[in-house]
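Chemist: Residues or ranges marked as domain 'DUF1899' in TrEMBL: 5-69. Feature annotation from TrEMBL assigns repeat 'WD' to 78-120, 128-170, 171-212. Per TrEMBL, the feature coiled coil maps to 444-471.
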Amino acid sequence: MSWRPQYRSSKFRNVYGKAASREHCFDGIPITKNVHDNHFCAVNARFLAIVTESAGGGSFLVIPLEQTGRIEPNYPKVCGHQGNVLDIKWNPFIENIIASCSEDTSVRIWEIPEGGLKRNMTEAVLELYGHSRRVGIVEWHPTTNNILLSAGYDYKVLIWNLDIGEPVKMIDCHTDVILCMSFNTDGSLLATTCKDKKLRVVEPRSGRVLQEASCKNHRVNRVVFLGSTKRLLTTGVSRWNTRQIALWDQEDLSMPLIEEEIDGLSGLLFPFYDADTHMLYLAGKGDGNIRYYEIGSEKPYLSYLMEFRSPAPQKGLGVMPKHGLDVSACEVFRFYKLITLKGLIEPISMIVPRRSETYQEDIYPMTPGTEPALTPDEWLSGVNRDPILMSLKEGYKRNSKIVFKAPVREKKSVVVNGIDLLENVPPRTENELLRMFFRQQDEIRRLKDELSQKDIRIRQLQLELKNFRNIPKNN
């Protein structure tokens with residue numbers, strides 16, 4: 001009997017990627033050269049934000065989406081941090097509010113004026129201090145307004161209530177640097193990957209670890225919840241140093257459901273999941289291609305669709321929210337690709353080829369909108385609620401009337417779970433101790449030089465005084 005390939009019907013099997021023309025790209029941007037494993041890019045339906053290379057602190061650009069083409073070198077920046085900016089995220093419910101975190105141990109909230117920046121912005125509407133070391137990740141809650149999570153190199157995750165401008169909960173279950181955080185659909189669960197090679201599912205309000213996997217054969221780097229399927233997907237490295245992905249049941253992390261090797265390259269794999277189309281996109285840091293798959297509910301769970309290829313390597317990728325897509329072109333996903341060598345941000349649209357120009361309801365189901373389902377007090381009291389859905393049929397209209405109001409507060413000690421976060425400094429890593437030692441040695445040498453110069457000056461003054469005394473007096 002002759003072998004025949006198994007045919008699988010899918011409306012997304014012919015999805016293709018389309019890069020924007022040069023005039024629709026953002027050119028002349030000094031993209032940061034920081035090696036931190038983040039995207040350094042955030043996008044919503046109005047603005048594009050990119051972390052830039054700068055001296056004497058951290059900065060990022062905020063550009064209106066319609067302002068494509070070449071960006072002037074003196075274009076205004078958000079430049080209030082004293083250290084390099086490591087992550088930026090737009091508020092999902094207020095489109096001109098963006099959070100940033102930095103090596104200066106702070107998290108800051110910025111309010112971008114209508115129409116974009118006209119001058120450099122140095123004053124944040126809210127400065128959040130609670131971490132004792134640099135902050136690597138910020139993440140907004142998917143259904144609750146003004147709840148923000150931050151993960152620092154002090155191995156802690158802080159939950160901030162921006163209504164009061166204070167941390168209200170602390171997750172202190174990690175023993176090393178947190179690499180990634182991901183919320184489930186209603187924000188009741190948080191999945192984290194850590195440098196201690198463990199994958200955790202945490203109840204964020206109590207900090208209790210519900211599930212934990214020790215990933216020795218599959219060293220996890222990134223994790224993402226697969227919508228409401230009660231499954232997780234992780235990207236990482238196998239014991240043979242090949243890149244691989246693994247699918248997990250969130251209620252049982254004892255063994256992955258499947259593991260699949262991707263290739264033998266060394267760049268980090270970034271996963272992106274679209275819950276509306278059940279499509280998974282994999283983009284490697286330093287790669288030029290983007291692979292995409294369809295996730296099923298039955299074995300083999302993962303079906304390869306196609307691959308978008310480009311010769312230009314990507315440093316990071318920003319993702320447009322669903323309500324910012326071009327529905328008339330059957331666009332189901334859009335990336336903003338950072339090409340460091342060219343100083344270029346290139347939009348890449350993933351399109352379902354359809355001949356009809358009418359609204360395609362089968363590829364655009366109801367999707368999470370721009371209205372929060374909960375207030376911070378409701379969520380913190382234990383209430384869970386699914387996102388408020390919206391239809392893309394009539395086109396997206398900005399009718400949200402939510403306004404961010406920064407609380408007025410004085411700087412004081414930050415006490416969470418009975419611990420003063422600013423006083424309780426964790427043990428430092430070996431590399432940080434070495435850096436601190438070298439800094440101290442440099443400071444000692446500088447002080448010695450200053451003292452020797454002062455000694456020389458004192459001796460000169462003493463000699464001048466002696467010579468002055470030896471001058472014969474005129475009678």
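The backbone N, Cα and C atoms fix where each Cβ goes, and this holds for glycine too.
For each feature listed, report its degree of burial, its nearest neighbours and the pertinent distances within the displayed model.
Modeler: Looking at the domain 'DUF1899' (5-69) alone, the prediction's average pLDDT is 88.
Residue counts of the repeat 'WD' (78-120) by helix, strand and coil are 0 helix, 22 strand, 21 coil (DSSP-based).
Packing against the repeat 'WD' (128-170) from elsewhere in the chain are residues 36, 38, 83, 86-94, 99-109, 176-178, 180-183, 185-187, 190, 192, 204-205, 207, 368, 372-376, 378-380, 385-387, 402, 404, 406-407, 409, 411, 414, 416-417, 419, 421-422, 424-426: each is 6 or more residues past its ends and has a CB under 8 Å from a CB in it.
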Chemist: Write out how many residues of the repeat 'WD' (171-212) are helix, how many strand and how many coil, based on DSSP.
Modeler: 0 helix, 23 strand, 19 coil
Chemist: For the domain 'DUF1899' (5-69), how many residues does DSSP put in helix, in strand and in coil?
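Modeler: Counts, helix then strand then coil: 3 helix, 24 strand, 38 coil.
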